[in-house]
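Visitor: Quick one: the structure is below, and I'll ask about it shortly.
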Amino acid sequence: MTAKPNLVVIGTGGTIAGRGNAAVNTSAYQCSVLGIDEVLASIPHADALANLRAEQLLQTGSENFGNAHLLVIGRRVSALLAQPDVDGVVIAHGTDTIEETAYFLHLTLKSAKPVVVVGSMRPPSALSSDAALNLYDALAVAADPASRGLGALVVVNDEIHTARDVAKRNSFKLEAFGSPYGPLGYVVEGVPRYYRRPARPHTLDTPWSADALDALPKVDVVHAYGALDRRVIDAIAADARGLIYAGTGNGNVSESLIGPLRDAARGGLRVVRASRTGSGVVVRNGAQPDGAFGWLTVDDQLPQKARILLMLALTQTDDPAALQAAFDRY
Ligand code: DGL
């Protein structure tokens with residue numbers, strides 16, 4: 001008989017730690033009120049999967065997460081993974097920004113051990129809550145050696161997603177998450193089934209380490225529309241190092257903003273054209289002469305995750321060609 005793996009389950013808050021006044025409160029409830037011990041204790045058969053240790057790292061909705069929260073989570077998970085008696089880590093997290101934290105871990109952890117970020121759309125107190133099953137599935141994924149070397153994973157709604165691709169796409173349904181190229185696999189009856197692997201480098205194959213990061217540079221995201229005022233760009237250019245411009249369609253820039261964005265790039269702001277459509281590739285030197293203007297393009301990455309990547313890339317270089325290479329590689 002093989003020994004059970006040792007998993008650490010980190011609580012950070014979110015709906016998975018929430019409670020409603022009544023079972024019918026599937027969308028209106030208080031989030032981040034249950035301790036991770038309590039949440040874990042309510043999962044039947046969890047002990048059969050692994051030896052579990054719970055740790056309360058944060059207790060807040062993930063909409064509040066700033067760069068400092070990412071660094072705290074990154075450092076703690078990294079320290080746990082370095083312990084020989086820890087085989088994997090599960091992070092219970094609010095779903096709102098789960099994709100950002102997971103992507104940050106995906107790019108900065110230096111370990112092949114399984115790391116699973118999990119949330120739920122309904123609190124444990126609600127009718128047909130997904131909290132217990134999602135957490136059970138996350139434990140099952142983290143406990144399985146097949147999950148090693150895949151980078152950070154997000155487990156929700158019976159699916160296993162790579163942190164690079166997954167995003168929250170719905171505000172209230174159980175089926176809220178998706179990846180543009182599909183999940184890596186499913187979890188069925190507590191057993192992960194993988195059908196594909198992440199294609200882009202992560203964890204051990206990136207130049208960033210959560211342990212070495214003391215701060216992240218300021219990068220802002222702008223959701224564009226035709227009437228967007230240039231003062232928004234000017235204000236960002238005044239104190240940020242990077243701007244993800246979530247343009248219309250293929251990262252298009254309205255005529256009134258071409259000059260301000262070009263000037264901002266000349267002044268040192270790293271301007272990255274992204275798309276507000278939610279999927280697809282932004283074509284470099286397509287609709288805009290990015291090279292001539294000093295702009296970068298996002299490849300297929302969503303604006304909120306492009307922010308994570310640009311922050312990390314800017315910790316090591318300010319060179320536009322090197323920053324573009326990061327978008328093309330990761
Ligand atoms: N406060 C939101 C968050 O923590 C709740 C959303 C959720 O966890 O599903 O992201």
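Just so you know, the numbers here start at 1 and follow the chain as drawn.
Glycine is no exception: its Cβ is also placed from the backbone N, Cα and C atoms.
Relevant sequence annotations retrieved from TrEMBL are reproduced here:
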DOMAIN    7-198  domain 'L-asparaginase N-terminal'
ACT_SITE  Thr15  active site
ACT_SITE  Thr15  active site, O-isoaspartyl threonine intermediate
BINDING   Ser62, Thr95, Asp96  substrate binding site
ACT_SITE  Thr95  active site
DOMAIN    218-327  domain 'Asparaginase/glutaminase C-terminal'
Visitor: Here the recorded positions are Thr15, Ser62, Thr95; which one has the lowest number of other Cβ atoms no more than 10 Å from its Cβ?
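Guide: Ranked by other Cβ atoms within 10 Å, the recorded positions Thr15, Ser62, Thr95 bottom out at Ser62.
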Visitor: About how far apart, in whole Å, are the alpha carbons (Cα) of Ser62 (substrate binding site) and Thr15 (active site)?
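Guide: Distance between the two Cα atoms comes out at 9 Å.
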Visitor: With every protein chain in view, how many other Cβ atoms are within 10 Å of the Cβ of Asp96 (substrate binding site)?
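Guide: Its Cβ shell of radius 10 Å holds 18 other Cβ atoms.
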Visitor: Please find which two of Ser62, Thr95, Asp96 have the most distant C-alpha atoms, given that the record lists them as binding substrate, and give only that distance in angstrom, rounded to a whole number.
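Guide: Of all Cα pairs among the recorded substrate binders, the widest measures 7 Å.
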Visitor: At the Cα level, what's the spacing in Å between Asp96 (substrate binding site) and Thr15 (active site), rounded?
Guide: 10
Visitor: How big is the gap, in Å, between the Cα of Thr95 (substrate binding site) and that of Thr15 (active site), rounded to a whole number?
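Guide: Here the two Cα atoms lie 7 Å apart.
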Visitor: Can you give me the residues near the recorded substrate site, meaning same chain, not Ser62, Thr95, Asp96 themselves, Cβ no more than 8 Å from the center of the site's Cβ atoms?
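Guide: Here the non-site neighbours turn out to be Gly14, Thr15, Gly61, Glu63, His93, Gly94, Thr97, Ile98, Gly119, Lys168.
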Visitor: Based on DSSP, tally up the residues of the domain 'Asparaginase/glutaminase C-terminal' (218-327) by helix, strand and coil.
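Guide: Per DSSP, the residues of the domain 'Asparaginase/glutaminase C-terminal' (218-327) fall into 46 helix, 23 strand, 41 coil.
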Visitor: Tell me whether Thr95 (substrate binding site) sits in a helix, a strand or coil according to DSSP.
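Guide: The three-state answer is coil.
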